[in-house]
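Q: The structure is given below, and queries will be raised subsequently.
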């Protein structure tokens with residue numbers, strides 16, 4: 001199957017890597033015509049995290065209605081599609097397979113190209129889509145001019161804390177990653193320690209507003225080292241001990257009232273933000289790039305966004321942070337598929353998924 005050569009065209013992007021079933025239609029000028037997401041938030045909340053088997057079953061129920069709604073909202077027919085893009089890595093294997101099966105079926109039945117999306121690179125590409133949507137240029141000019149690339153790409157989410165050197169939307173090199181807990185996972189686990197519920201990111205952010213970020217001197221692992229990796233397990237443990245003490249210790253912390261909980265949340269959040277930004281700045285120095293692009297669920301955190309803006313202004317680099325509606329998993333960022341179509345990087349119909357690491361349910365405290 002050859003890539004569509006016309007200036008017109010509609011790409012259907014499908015996302016099912018974890019617990020969101022999503023589909024979007026993006027035209028060749030990178031305009032997002034629809035972006036539909038079916039959330040499984042209520043399904044997994046009582047378990048304190050994503051349960052893979054339940055996520056897969058929910059995707060089976062949601063995938064066709066979500067695709068139908070994306071087509072309807074875009075104001076096109078299924079037969080108008082000229083390419084199909086689907087997230088194939090990383091993610092939960094069962095979840096990814098649901099989206100891939102739907103994508104293969106559509107590509108085969110319609111006789112259109114299929115392209116495989118790297119979910120993490122799509123999070124970075126969300127910054128590009130946002131830049132174009134804010135531009136006053138004609139749609140035809142956008143793809144030729146304004147670009148976030150080359151850039152340092154940072155993806156911070158529940159399953160990943162990754163830094164990339166992105167030469168283009170489809171050419172990238174991993175610079176650093178988490179050695180244990182991802183940033184979003186640390187938020188979820190600390191929220192459990194503080195009895196704030198799930199998901200932890202929004203809960204800690206809300207609680208931290210009433211606290212002092214300097215109340216506790218929590219560790220900032222690797223912050224002064226040259227390596228571009230992350231580690232948040234030590235920080236998580238430090239919060240646990242500060243909140244509930246060490247078993248058998250003679251001196252125990254005071255009861256966990258609202259004020260202390262807020263101080264712990266604020267101090268923890270500040271430590272995470274400091275490390276993320278320090279490593280991003282190091283990556284900019286190493287690559288000599290002048291642009292930083294940030295995506296993923298943790299990028300929705302207001303304290304993180306504000307600190308990024310401050311540091312970018314002080315150090316003089318260009319900053320692009322995905323809009324909040326594109327920070328969490330969605331299919332609009334699958335507009336990255338157009339870059340693959342136009343470069344002829346098409347996928348075969350025997351394409352398989354590459355699950356990789358995605359954090360799942362966090363065991364409850366006994």
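Every residue number used here counts from 1 along the chain in the order it is shown.
Every residue gets a Cβ built from N, Cα and C, even glycine.
A TrEMBL annotation is a machine prediction, not a hand-curated record.
So TrEMBL lists these for the protein:
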- 119, 123, 329: Fe cation binding site (BINDING)
- 155, 156, 157, 158, 159, 188, 201, 205, 301: substrate binding site (BINDING)
- 32-333: domain 'Gcp-like' (DOMAIN)
Q: In terms of DSSP three-state secondary structure, what is the assignment for residue 329 (Fe cation binding site)?
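A: It is coil.
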Q: CA-CA, which of the binding-site residues 119, 123, 329 lies nearest residue 201 (substrate binding site)?
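A: Spatially nearest to residue 201 (substrate binding site) by Cα position is 329.
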Q: Measuring CA to CA, name the entry from the binding-site residues 155, 157, 159, 301 that ends up nearest residue 329 (Fe cation binding site).
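A: Going through 155, 157, 159, 301 one by one, the closest to residue 329 (Fe cation binding site) is 157.
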Q: Do any residues at least six apart in sequence from residue 301 (substrate binding site), in the same chain, have a Cβ closer than 8 Å to its Cβ, and if so which, in order?
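A: Result: 201, 205, 269, 273.
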Q: May I ask for the distance between residue 119 (Fe cation binding site) and residue 157 (substrate binding site), taken between their Cα atoms and rounded to an integer number of Å?
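A: Each residue's Cα considered, residue 119 (Fe cation binding site) and residue 157 (substrate binding site) end up 12 Å apart.
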Q: What is the Cβ neighbour count of residue 155 (substrate binding site) at a 10 Å cut-off, with all protein chains included?
A: 27
Q: How big is the Cα-to-Cα gap, in Å, between residue 159 (substrate binding site) and residue 123 (Fe cation binding site)?
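A: Residue 159 (substrate binding site) to residue 123 (Fe cation binding site), Cα-Cα distance: 13 Å.
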